[in-house]
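Worksheet for the structure shown next.
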Amino acid sequence: MNATVGASAAGIAFVIILAVTVGTVRPRRYVTVAEFYVAARAVRPWWNGAAISSEFTSAAACLGLAGLIATHGAPMLWYPVGSAAGYVVILALVVAPLRRSGTYTLPDFAQWRLGSAALRRYATCHVLAIGLLYLVSQLHAAGVVLHLLTGLPPWTGWLTVSLVSVVVALAGGMCSVTSVQAVQYWLKLIVFAGVGLVLWYAWRYGAVGGPPEVAGAAAPAAGASLAGAGDPSLPGVLTVLLACALGTMGLPHIVVRVYTNPDGRSARHSIVASQVLLGLFFLLPPLYGILGRVHVPGAHEDQVVLLLPGKMLPGPAGDVLTGLLAAGAFAAFLATSCGVLAAVGGAVSACVTRPSVASFRIALAATAGAALTLTSLTTAGSSVLLVLLGFSLSAATFCPLLLLGIWWRRLTSAGVAAGFAVGGGLTVALVAGDLVGVKVGVVSQYPAPFAVPLSFAVMVVISLLTPGRVPLEVDRMMAMMHLPDDLASPSEDRSSPVDDRS
Amino acid sequence: MNGRRVVVTRRPVAVHRAARALGLDVDDDADDADETRRLMARQARIALSTVAMVVALLVGLPLLTAPGDWLWVTLALQPVWVALAVIQLRRAERAERRP
């Protein structure tokens, strides 16, 4: 067991040192806040695609999905499919117009498109809620993993991940976060694919005992569920697929990455690149899920992956593989936490004060503090369920804002505010009710199929009732979002000057 | 490039409105609005056909296939998403190039 501790500690230390080095070795001098937030908009499509994929493959995707497949069975195989489908929807409906609008964050977009500062503050609250859900799930997973591997108390894991993420995000803004994430994507892919193949080979061709066939993988097992996530029945799976396909576009840390591309065209290419890289990565959770079902039945969802090497190959080989997986897991925690912190910090600071690098840093540290506090007040559940709750919330709030804001001229700020209140409020109320034991039948069990269409409907109806609040410049905004980059009139900062790239 | 004039300055909307009220120099603005509408309709058609494919696969396959086959079905869908994304990208870019 001591060798496992040593190997894990070495792997985790390696990832932390790598993150801090990549993130801070060449701190750029940022002249303006815009440059600090969005890496001066000079990130290339494949590099940005790797960063987007890295942010998306959080603890939930690396450890939680495999764990869910192992414990809940075949219906969970659909979750990675739904998450990847969200990117096709973003590419088709959102990415190029959003990038051409030239706004940094989702609240920025709300204010620019609908001309209401109050709406911006309201949207920022939702960004903060989704960001905190993500952060808390990462920190809890880090605590669980560190405790499992080294025996240290969970709070050391929370502190390590939040401190390193804050340091990386503070040191260089979005540019260093981009580099850290892109490097960590490849690290995660190589580690998880390599170890997975070794374990698969060992199971199939001799070295490990255990049943040769997967018994009963198709039979759904009962388990905890939250807002339809984790529910192995068909309606439960379809609820999660809907939330994933529509919710991905409203995740603050994914959308903010689009702004680091120089124009709408390269933003589209980044999304296609991340589609390829995600498709590659999402072949792995089913592999680990099947291995986990056979070899470590009954383990905690977030621990299944890390328990596998020790169970299957006791001895030095297992220790090395555990160390590698620990490194991959911490790369996942750090990549997502950095990205969420930078995105939420940017949104909150721009809302509270005049945007400046100093206020961005304060907001970022405050967000990390809030996440730590929330983590210490709650108990560790499954990381996937919390993340999927974030998807549901985003599908019921930011998805209608983006789709209607980009494609429908008559949207008004009153409509959006009402839609947010109804869609987001319904989701939160149902989940909170479910947690304390108040159930409203099928609506409580599967909130997304009710909350998302309701939010769309409320936005449309209230917008039609308040036609006087349609912004005067709506035609100019539509032209800016939909005309190709080289045709539309250039405005403040749609693209970075060529000589600005260092 | 395609014979269309590239506007290099940005004028406040108020000026356009005043100009339109006086009947001056409005073609440029009206052209822009028309072209935006045409392009939006074209892009919306392309995007909705892609999204319709995604929805059909996401809802249809879990309903129509047996849980025993889901491992292969779900693994096969990842390359399908990539193919859909590449087709969507090419169609969207072609729509923007067309004058």
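Just so it is clear, glycine is given a Cβ too, placed from its N, Cα and C backbone atoms.
The transmembrane segment annotation in TrEMBL covers A:6-25 (among others). Here the transmembrane segment (A:6-25) has long-range neighbours at 146, 149-150, 160, 164, 167-168, 171-172, 176-177, 179-180, 183-184, 187, 319-320, 322-328, 330-331, 334, 338, meaning same-chain residues at least 6 beyond its ends whose C-beta is under 8 angstroms from one of its own.
TrEMBL lists A:46-70 (among others) with the feature transmembrane segment.
According to TrEMBL, the feature transmembrane segment maps to A:76-98 (among others).
Residues 58-60, 105-108, 110-111, 162, 250-253, 336-337, 340-341, 343-344, 347-348, 351, 367-368, 370-371, 374-375, 378, 383, 386-387, 389-390, 393-394, 397-398, 401, 413, 416-417, 420, 424 of the same chain, all 6+ positions outside the transmembrane segment (A:119-137), place their C-beta atoms under 8 angstroms from a C-beta of that stretch. The transmembrane segment annotation in TrEMBL covers A:119-137 (among others).
Residues or ranges marked as transmembrane segment by TrEMBL: A:157-178 (among others).
If you look up TrEMBL, you'll see A:236-259 (among others) marked as transmembrane segment. Long-range contacts of the transmembrane segment (A:236-259) within the same chain, counting only residues at least 6 positions beyond its ends with a Cβ under 8 Å from a Cβ of the stretch, are 37-38, 41, 48, 51-52, 55-56, 75, 78-79, 81-83, 85-87, 89-90, 93-95, 98-99, 103-106, 127, 130-131, 134, 174, 178, 225, 227-230, 267, 270-271, 336, 339-340, 342-344, 346-347, 388, 390-395, 397-399, 401-402, 445-449, 452.
The transmembrane segment annotation in TrEMBL covers A:271-291 (among others).
The transmembrane segment feature in TrEMBL is assigned to A:320-348 (among others).
For A:360-378 (among others), the entry in TrEMBL reads transmembrane segment.
Here TrEMBL flags A:384-408 (among others) as transmembrane segment. Beyond the ends of the transmembrane segment (A:384-408), by six or more residues, the same chain brings 58, 60, 64-65, 67-68, 79, 93-94, 97-98, 106, 109-110, 113-114, 123, 126, 129-130, 133-134, 136-137, 140, 224-230, 240, 242-244, 246-251, 301, 415-416, 419-420, 423-424, 426-428, 431, 447-448, 451-452, 454-456, 459-460, 463, 481 to within a C-beta distance below 8 angstroms of the stretch.
Feature annotation from TrEMBL assigns transmembrane segment to A:415-438 (among others).
TrEMBL lists A:450-472 (among others) with the feature transmembrane segment.
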Beyond a gap of at least 6 residues from its ends, the CB atoms lying under 8 Å from the transmembrane segment (A:271-291) belong to 45-46, 48-50, 52-53, 56-57, 61, 65-70, 76-77, 80-81, 83-84, 87-88, 90-91, 95, 185, 188-189, 192-193, 196, 199-200, 203, 214, 217, 258, 304-305, 308, 312
Long-range Cβ contacts under 8 Å made by the transmembrane segment (A:320-348), restricted to residues 6 or more beyond its ends, are 4, 6-8, 10-12, 14-16, 19, 23, 37, 51, 54-59, 61-63, 104-108, 124, 127-128, 131-132, 134-135, 138-139, 141-142, 145, 149, 161-162, 164-166, 168-169, 173-174, 177, 180-181, 184-185, 187-188, 191-192, 194-195, 198-199, 252-253, 255-257, 305-306, 308-310, 313, 360-361, 363-364, 366-368
Across A:46-70, A:360-378, A:415-438, the most C-beta pairs under 8 Å with the transmembrane segment (A:450-472) come from A:415-438
Per the Cβ under 8 Å criterion, with at least 6 residues separating them from its ends, the transmembrane segment (A:360-378) contacts 33, 36-37, 128, 131-132, 135-136, 139-140, 143, 155, 158-159, 162, 165-166, 169-170, 173, 341-342, 344-346, 348-349, 352
